[in-house]
Amino acid sequence: MDLAALENQTRAERWEKGVKIGEGTFANVYKGTEKATGRKIAIKKIKVGEMKDGLDMTALREVKFLQELHHPNIIGLLDVFSVKQNVNLVLEFLDTDLEAVIRDKSLIFQPADIKSWTAMSLRGLEYIHRNGVLHRDLKPNNLLIASTGELKIADFGLAREFGDAKTRMTSQVITRWYRPPELLWGARYYSPAVDMWSIGTIVVELVLRVPFLAGDSDIDQLKKTFHAMGSPTEQDWPGHTKLPDYHEVAGYPPNPWWNLVSPLGRDGQNLCRELLKFDPMARVSAKAALHHKFFTTGERPTAPILLPKPLAELRPRDIAPQDVAGMPDSGTKRKNTTPNGTEQRSIARKLFA
Amino acid sequence: MSTSAARPTLKRPVNPVRRPGASVGMRRPPGAASNGPGAISRGAGLAPGSKGNDDGYLYVAGVRDPSKRVTEYRTEQDVCPVCQTDRQFNKNLRLLVSPCYHKMCESCIDRLFTLGPEPCPQCDKVLRKVNFAHQTFEDLKVEKEISVRRRMAEIFNKRREDFESLRDYDDYLQTVEEYTFNLLNDVDVPATEAALSSYTTDNASLIATNQQKKAMEALSQTERDEVEKRARAERIHMIEEAERVDRAEEIRVKAEIVDALARPSGGQELAKEIADRAAKAKAARAAALAATVPPSLAALYNVKDVDETPHSPNSPSYAGPYVPIPYSDPDEAEWSHWYNLKDNYADGRAGVVWAKEDREGAVRGGGWDISLFWEMEVRSAVEALSLEPLA
């Protein structure tokens, strides 16, 4: 046995694999424990052997970025090891996600709770951006909540580094409801501002408890956006008419949409307006947003441990073996472009699948 | 829930707000359309403007504005409860709603109320022609609730900052909600109306101030600045005008005093009297000016009782037990002072040149910014210098 294999074996032996809690196209997720401490973990087993074209791109991205990013508000990758043909990722075990929290109508949010969630996601995002990475798939579904109430950004399957000039990036990223107008118009050179828009829509969603801009196609998404916020003009977004897929969606009058988030107070409304500016250059950066007055005045953010959480029975359950057996994936690659409606999938599957 | 019940202070919940344009109560199940009392020809086409959609639902017809929102509700099954005219008989039948939430058609309204106030044929409340309004929502209860709430919001516009404590504010909101409930469900209406009118007279000035505040908040920041600027110019103009008057008056008074002193006798007393009179007139003018100059609108925003102690997402700042979340603020990092970012660099790389020029406008609209990229490069060049060497 060579050294690498030996190393791999000692790593694999640190973790105890438990029952399956989720299954996706390219990975299965198992509950597990750390043998030494008994700490709960999740093991994501990537099916390499069964894939025709090698390791899935999203899995590769996930490993690549999670290995480098370490922050309290980002899901922790504890270890990677392989068993036979498969790659196993050892991740922090997290109870639930923000979407489950938003959808649970028995929970009541206070403005201070929303402030706390916003602050935590911005902190994680600031770190991601500072390290030259775009997340490109922020949505309540991907903001996981630990048992301590801390929010952690997960799912780096679509992340990429933003670096050199003249590299075109794809505009087909970010779940549609959280996608900024520049991507809907096909911008190929964009900036961390795309993630800021997603955060903005998530903050509004936290207040409304329904997705803010829920379009059912890309064109409809633009219409919904401008219906809510008014069509952009050359003045408030210079250069938008030059975007590759630009088509005119004019004629919607400006609308004081920030009244929707009036429970957050004037500073909160102001932050939302900063986050949801049409012009990506004018949109606030994660760092600037963290220094916004919203976080430093008025009610203080709720301590994470006191944040509302769904009841225990809503947390992920073990999947019964018969359910797993009869659950072939539909074959659609996990692509974030079709937002999943209210369909109740197992949390763990949503997280990792 | 247990966590929120254990909160130390009573806070106002964030009410789920409905999105604009979400069609609430605008749907009917299929089949409901042809069950109405006035449906003579079953399924004989839908009302103009109504259309079935994919999920088999029938969207209620009505007059719609350009954004497809129903502004006036009407159906094929409309029947005037007074004269029993239906849409088959009169294609242009238009039912209006009275302040007592009874419907009747326009011709009945003309017939009954042209000669002045008359009792409602259904509930005997005295009505006037002008008080009939068109119906927006299918459910008249919704219609009523909206108008009652609109009225309440107009009067009860106190804000959190108008109260000493959160408790007082909550009590106030509770009272408003009780009045609203009474008006909606016709409980104790005379007493409630009396309470409303006494509240309105007692708080007239505060209500007006808060309405002004609300109008200001509805404006965008630039419009607000504009209003503020105009008000400031106005104030300055008034003050300058007053100063001009003051100076002219002073010169005149001085001349009078000199004249008085020049008199052969009693000049001293007369001069003193003139000076006193002038001083009094000046004070009166200043008082009048202070009363007429509009106060700065910014003064309206003097919010009291706001926690101004600095706390930031970077520092331990959470309500309840102290639970810090570690956060490494890049501004506090050592290396952040090791470089100064310039606005522009002589960067000759092809990609950079291309992005700077942006001939096709491909970069500007998408928000890609060359300075972001420079910042990262410069930072990464110095950041690692702060790391301890590996042991």
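Placement of Cβ uses the backbone N, Cα and C atoms for every residue, glycine included.
Just so you know, TrEMBL annotations are computer predictions that nobody has curated.
According to TrEMBL, the protein carries these features:
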- A:D137: active site, proton acceptor (ACT_SITE)
- A:I21, A:G22, A:E23, A:G24, A:T25, A:F26, A:A27, A:N28, A:V29, A:K44, A:K45: ATP binding site (BINDING)
- A:15-295: domain 'Protein kinase' (DOMAIN)
- A:319-346: region 'Disordered' (REGION)
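Here the features listed in TrEMBL are painted onto the structure.
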residue : record                       : CB count, 10 Å
A:I21   : ATP binding site             : 24
A:E23   : ATP binding site             : 22
A:A27   : ATP binding site             : 25
A:V29   : ATP binding site             : 25
A:K45   : ATP binding site             : 20
A:D137  : active site, proton acceptor : 23
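Mean pLDDT for the domain 'Protein kinase' (A:15-295) in this predicted model: 88. A:I21 (ATP binding site) and A:D137 (active site, proton acceptor) are 23 Å apart (CA-CA, integer value). The residue listed as 'active site, proton acceptor' falls within neither a helix nor a strand when secondary structure is assigned with DSSP, and so counts as coil.
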